[in-house]
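Visitor: Checked TrEMBL, it gives:
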type	residues	note
COMPBIAS	479-493	compositional bias 'Basic and acidic residues'
DOMAIN	69-470	domain 'Major facilitator superfamily (MFS) profile'
REGION	1-34	region 'Disordered'
REGION	479-499	region 'Disordered'
TRANSMEM	67-84	transmembrane segment
TRANSMEM	104-127	transmembrane segment
TRANSMEM	139-162	transmembrane segment
TRANSMEM	196-216	transmembrane segment
TRANSMEM	236-258	transmembrane segment
TRANSMEM	288-311	transmembrane segment
TRANSMEM	331-348	transmembrane segment
TRANSMEM	355-374	transmembrane segment
TRANSMEM	380-405	transmembrane segment
TRANSMEM	412-435	transmembrane segment
TRANSMEM	441-465	transmembrane segment
Amino acid sequence: MPRSYEEDEARRPILEAPETDSEDPGAVGAATPRGRILHRSDDDELSQPTGCGASACCNPSSAVHRFMALIFMCLVGFGSYFCYDNPGALQDKFKSDLDLSTTQFVWLYSIYSWPNVILCFIGGFLIDRVFGIRLGTIIYMFILLIGQLIFATGALINAFWLMILGRFLFGIGAESLAVAQNNYAVLWFKGKELNMVFGLQLSFARVGSTVNFLVMVPVYNYVRDLGYTGHQCTGVVLLLATLTCVMSMLCALILGWMDKRAARILRRNDNPPNGEVAKLSDISTFKVSFWMVTVICVAYYVAIFPFIALGKVFFMRKFGFTPEDANTVNSIVYIVAGVASPVFGLIVDRTGRNVLWVFVSITVTIFAHGLLAFTFYNPYVAMITMGMAYSMLASSLWPLVALIVPEYQLGTAYGICQSVQNLGLAVISMFSGLIVDKGGYFMLEIFFIGWLVVSLLATIVIWLYDANNNGTLNMSPKERETAASKLDDRDRASYAPID
């Protein structure tokens, strides 16, 4: 049974105006391929941009305008990544000014992760079913902002329970906001520069974290020189950090306005095909390839983030580094990723073959961990290699979801990925500490390599499954375009217009 035309149209690049049988696409009552009549809205004058609206920077169909929107997409998440590591940048200040034990300090991070094992999946579902992407982004950004304000207030009055509440709310907003960012990226760039966009978003995430570590101590010293001391000084510094979340909220509002304008001008149909809406039961219809992507999300990332969290002491013990040098080499993965991610994204956009790139990136990461585990070779080489591989994977893996899952289910799908990743990181981080205590860092490296092998096997499953089901995931862009064109021609041949 041939696919319906609605299903086919839903798989077009989002920012592509639908074709019409009328020579005048702006004509009232022009017939669409669906046989329906388009009626003018009160804002229909925007459907034919004129003057400034027709220029590249104002026309939503132009690359310039899309990349203007991309800047706001990236900045929407800047405040989240900046504020997430505020405690890490001021760890010694937190423990002394607020009289926190190490266990209490770790709670500021764990309370962020554990709720999102469930809540960011629900957040993604709500984007698909209830809020929509524009309202959902603003709501989650608002929750994040309120959470950071409560966290800062808790520090200001030295109320640890209030700080925990703030981090809890901050985590709910931040992880669901990441799902919304992914949806925006697909909405504006599917079929175009999507891999590069995911790479650039990763770069901005790393920039936010890096800027936090660079500026928070100087800001703390400046506030202290103004006469603030103890927990009040820490609270004021965190309130100043909240300004980055205010900036991100403004970007979310601007991006929402840009997206609404683009939908109106391009007559973009944001409704799902055949009037379908996302349902929790849709999870049972997700393909094997999607579930293998979630396996990779866990098995690969647990070999990166927990390793970096424990890496400082590893480099000091095995390679005899000073604490400063150990911090430097331990941060190289993020530094390399910040530079290389958009570059690899652009390469994947040009070459396609996402599954191949994922396979190569995991293989290279296994090699990097092997260097650290079995040799005393300069660790800078292994960490730079790991940073390149990490960038390669992020730029090629996350766009796969948009190629596998229908657009009206993307929020749910990305929410599942975020939830599974949070669960994996929370559990594996605890096990990593136990392994170091019982067996040392060599056994920890073997543990990480084992997880990377699992991710490699999941990639092979995707490759084989895709090869037996039209193979689009591992095609080049030109091959995907040709395959889509043939499918489109076949569907048009079987389509009978409604009189």
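Cβ from N, Cα, C; glycine included.
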Visitor: Six or more residues out from either end of the transmembrane segment (236-258), which same-chain residues have a Cβ under 8 Å from its Cβ atoms?
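Guide: Same-chain residues near the transmembrane segment (236-258) but 6 or more away: 60, 68-69, 72-73, 75-80, 82-83, 86, 90, 134-135, 137-138, 141-142, 144-145, 148-149, 151-153, 155-156, 184, 208, 212, 216, 219-220, 223, 228.
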Visitor: Using a Cβ cut-off of under 8 Å, list the residues of the same chain at least 6 residues beyond the transmembrane segment (412-435) that approach it.
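Guide: Tertiary neighbours of the transmembrane segment (412-435) are 110, 113-114, 116-125, 127-128, 175-176, 178-179, 182-183, 278, 280, 282-283, 286, 290, 293-294, 297-299, 301-302, 305-307, 309-310, 398, 401, 404-405, 443-444, 447, 451.
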Visitor: Ranking 104-127, 331-348, 355-374 by Cβ pairs under 8 Å to the transmembrane segment (288-311), which is first?
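Guide: Out of the listed stretches, 355-374 contacts the transmembrane segment (288-311) most.
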Visitor: Same chain only, please: residues at least 6 beyond the ends of the transmembrane segment (196-216) with a C-beta under 8 Å from a C-beta of the stretch. Say none if there are none.
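Guide: Same-chain residues near the transmembrane segment (196-216) but 6 or more away: 70, 73-75, 77-86, 88-90, 181-182, 185, 188-189, 237, 241, 244, 331, 334-335, 337-339, 341-346, 348-349, 391, 394-395, 398-399.
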Visitor: Apart from its near flanks, which chain residues at least 6 from the ends of the transmembrane segment (441-465) lie with a Cβ under 8 angstroms of it?
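Guide: That would be 287-289, 292-293, 295-296, 298-300, 302-303, 306-307, 310, 313-314, 317-318, 355, 358-359, 362-363, 365-366, 369-370, 372-373, 400, 428, 431-432, 435, 473-474.
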Visitor: Does the transmembrane segment (355-374) come close to the transmembrane segment (139-162), meaning at least 3 CB pairs under 8 Å for residues 6 or more apart?
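Guide: No, the transmembrane segment (139-162) does not contact the transmembrane segment (355-374).
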Visitor: Taking residues 6+ outside the transmembrane segment (104-127), which of them lie with a CB under 8 Å of any CB in it?
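Guide: For the transmembrane segment (104-127), the nonlocal Cβ contacts are 84, 87, 91, 94-95, 133, 136, 140, 160, 163-164, 167-168, 170-172, 174-176, 178-180, 183, 278, 280, 411-416, 418-419, 422-423, 425-426.
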